């Protein structure tokens, strides 16, 4: 698409019951106040919903036609807006509750309501006929014949729009199910939903669930002010959702309200492509509309999205709210520990061997082991610290010891400096670190540690528990056949930004003060493999100075893998999420990520087993199939052009 971002609006009016032209004036005012491409008004917005038997009146029905004619004429002034209003219309002497689509001086489509509630406080079956069985027909508005039915979509490039009305969402066989099956990726709902205790949350959940199950955007507009309060109260609930996420919401307005939001069509299409059980029947008919989405520069897109308050989470793997973060942490640890528990059940082994560095990843892996032991009390945990004199700092060394002591596990300490020097000597490598390009010196330490852990596991009849995380795997920030290898990798689908918060969450809820104290120390320690000499006991080799900030790398990882976001879009989203970063800085970071991600696939192609925890995984046996020798130039050249 030229521009994947489309602005939409959901409007709640100050309805004047029975006064069609006054409601038309409000609709016209709303169109003048928004530049949204799709503008959705409530059910029966031309008349009001709570008119009762007045829907039988010919005078009212004729005035509805007059009002529609006025809106059709006005729409010429907004040629790229698709206006959706609610109106009672007659076809073949049957009265229908309909949604009328108008654009650029034309009636594009009329959709009748399928399911008419006729229970409790609702009596729609008294006035209206169901359009459920009308597939493709025509309806007359004034002197014009307009497409009429439930099996139509409106189409512009990759945007396919379907419609249902209020109760249609509340039934089991929702029209929107068939709409999305036939390609609709935007569903509009014109509603007049009254408010009772608990209904607001239920309604919101319905919309979010439908946008998630349907892999679509959902625009919901409900009646509010002006509807009769004889027996009911209407809250004017407006919702814009996409892929199960609440983008925008308003309720209980005190005046006419326009709720605007930005929908990412490419994101929806990517989500559908990755789910091959998603059905595309393609039997519905499409009617063309025109939104005039033009190609825009990176700067123009960023400006457009900022002006419209498009929200993008800079930490997509980490829940924003503390309560949700704690709940997510529990669920993640449960999956990790259950996966490991099953591996012990199937092997019959009772010993875990884990290298403890005093860093985040090994800390989380040890916490997983601690939780696994609650399921498997016979589990013996051997924590091994393997300091390298001159490289390992005292802070991380003491943190490793304090962590193992706080969790009361078996501790072994094996200094590796002499063994590494002997090994380097055997292969003819100069004594000591030879500078930044001396990967042999660095990797020899990582492999020595894995070598020792594997041997101890054989000796003790146990499993080596891997500690490497998803971010390291994406960037190849691990030593091939060193920390890259284990017998079960519990962190393999946990990104680094989430590792930190999981450890923090554990500390927050722990009643073990010694554990809490050391966890906070570890969380606040700079991330480092400590494979090069320190300076005066301070960490010199800081990971993020080499491969970039993990929050930005994880941001790229999420959007590229989850939604297949292109380079231009990735740059736009990152500039929005990180406003303090310049375009040049983001481009450097993105180039580094792409270069490493493509070149390091060979490490991911032979990963140890490990549990999938979230949506994103790079397991070569499951979620991510990629050749190790693919060329990244297509992506890098596009980045150069931006």
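Glycine is treated like the rest: Cβ placed from N, Cα and C.
These numbers come from a predicted model, not from an experiment.
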Exercise. Can you tell which of 230, 467, 479 TrEMBL lists as binding ATP with 355, 356, 357, 358, 359, 360, 361, 362?
Worked result: 467
Problem set entry | Additional site residue, 443, 458, 491 [criterion: listed by TrEMBL with 472, 477, 478, 479, 480, 603 for deamido-NAD(+)] | 443
Exercise. From the Cα of residue 113 (active site, for glutaminase activity) across to the Cα of residue 443 (deamido-NAD(+) binding site), what is the distance in angstrom?
Worked result: 67
Seminar exercise, completed: If you tally other C-beta atoms within 10 angstroms for each of the binding-site residues 355, 359, the top scorer is 355
Seminar exercise, completed: Cβ neighbour count (10 Å, all chains) around residue 43 (active site, proton acceptor) is 26
Seminar exercise, completed: recorded positions 43, 113, 193, 199 vs residue 472 (deamido-NAD(+) binding site), shortest C-alpha separation belongs to 199
Seminar exercise, completed: In the three-state DSSP scheme, residue 443 (deamido-NAD(+) binding site) belongs to helix
For this session: Consider the recorded positions 43, 199, 355, 357, 480 and say which one has the Cα lying nearest the Cα of residue 166 (active site, nucleophile).
Result: 43
